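J.: This is the structure I want to talk about, given as structure tokens.
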Amino acid sequence: MAGILAWFWNERFWLPHNVTWADLKNTDEATFPQAEDLYLACPLAFCIFMIRLVFERFIARPCAMGLKIQANGPQKAQPNAILEKVFTAITKHPDEKRLEGLSKQLDWDVRTIQRWFRQRRNQEKPSTLARFCESMWRFTFYLYIFTYGVRFLKKTAWLWNTKECWYNYPYQPLTVDIHYYYILELSFYLSLFFSQFTDIRRKDFLIMFLHHVTTISLITFSYVNNMARVGTLVMCLHDAADVLIEAAKMANYAKCQILCNLLFAMFAILFISSRLGVYPVWILNTTLFESWEIVGPYPSWWVFNLLLILLQLLHSFWSYLIVKTACRAISKGKVGKWNPLHVSKDDRSDIESSSDEDDSPPPNHKHHSSSSSISSSSTANGTNKNHGTNGYLTGATYPDEH
């Protein structure tokens, strides 16, 4: 173990040439980031998760009730032992051959069985109330941490001149503000990393998983090798757009259509301009070029910049989804009444679905199939697809006509 730790904390990897860990030990005159400081983030992540539960129960839920957001979940599927056994033991997405077999066995038409499986999948999905509470928690945290970041950074020299991030590097003392900012952000993203397995499951689950891993790695990496100054810029820049998208989702769940459209438009403009404009011009420029000129490259410098470039690729992917969502709505002639957080029935997804599923109960015999199919096709609401942008676009609970 000692050999592994010595290899992992190799000074020639983590630090610039002629700098050792001994040079960055805390003294009476200066305090530097220490790797063991980050251990505090693990219990704090648990505390943040518990605070979230209390917040959602005693603050977000009453707010949702005041906005008349109901706790009703998706319609439950009609009890059927045979289909339930297939659903739980074999597959939640039966293929055409299995559907035909079940149709003969139950004397139901295929369309009705497909609807039963869709309703059964949606049965486990959270209600609009749960979605609102989750978004309100994230909105509150992002608003707080972004406000703190702006108030802290406007007093720093490196906000106005990014070269200050590298002067006298790595002998830059750690201030209380930077330490608090880092530990709180890391704790929050650790709580998100673990809670994503129990939260509302979205179609971009793997992309979000990659995003959380990249974010946690960047925060940890930049703290350990004392790139904290540029790290604070990255964190503050990313928190800005997150506030707006969570506010847009809350307006969406509360059915405040005009406000939802306005907030989404503001989010789209801010996200694309900050992630595809400010981030590469301001952040990547200083980490790739200004740091090269002032400090020079070393092994962990390359890793840090590769992680930042990976983040830029995720920005590009999410920006594409945002533009695609907006263009689809505009092309359908829904400007002025379109819901940007809702997509059409053709984009049906079983990962996150609307709670307004087909209300028609499955008939018991095939001679009902004709009327059942006509009824379902005319009354079924489209299931929503979550175009994930850092968890940004979630399915609305409105019918497709809205």
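Every residue gets a Cβ built from N, Cα and C, even glycine.
Caution: TrEMBL annotation is automatic and unverified by curators.
According to TrEMBL, the protein has these features:
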type: TRANSMEM; residues: 38-55; note: transmembrane segment
type: DOMAIN; residues: 83-127; note: domain 'Homeobox'
type: DNA_BIND; residues: 85-128; note: DNA-binding region
type: DOMAIN; residues: 130-331; note: domain 'TLC'
type: TRANSMEM; residues: 180-198; note: transmembrane segment
type: TRANSMEM; residues: 205-224; note: transmembrane segment
type: TRANSMEM; residues: 260-282; note: transmembrane segment
type: TRANSMEM; residues: 302-323; note: transmembrane segment
type: REGION; residues: 346-402; note: region 'Disordered'
type: COMPBIAS; residues: 379-392; note: compositional bias 'Polar residues'
J.: Give residue numbers and ranges for long-range contacts of the transmembrane segment (205-224): same chain, 6 or more residues beyond its ends, CB-CB under 8 A.
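T.: Same-chain contacts beyond the ends: 14, 33, 35, 37-38, 182, 185-186, 189-190, 192-193, 196, 230-231, 234-235, 300, 303-304, 307-308, 310-311, 314, 317, 351, 388, 390-391.
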J.: So how many of the residues in the domain 'Homeobox' (83-127) end up helix, strand or coil by DSSP?
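T.: For the domain 'Homeobox' (83-127), the helix, strand and coil counts are 31 helix, 0 strand, 14 coil.
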J.: Which whole number is the mean pLDDT over the domain 'TLC' (130-331)?
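T.: Summing pLDDT over the domain 'TLC' (130-331) and dividing by its length gives 93.
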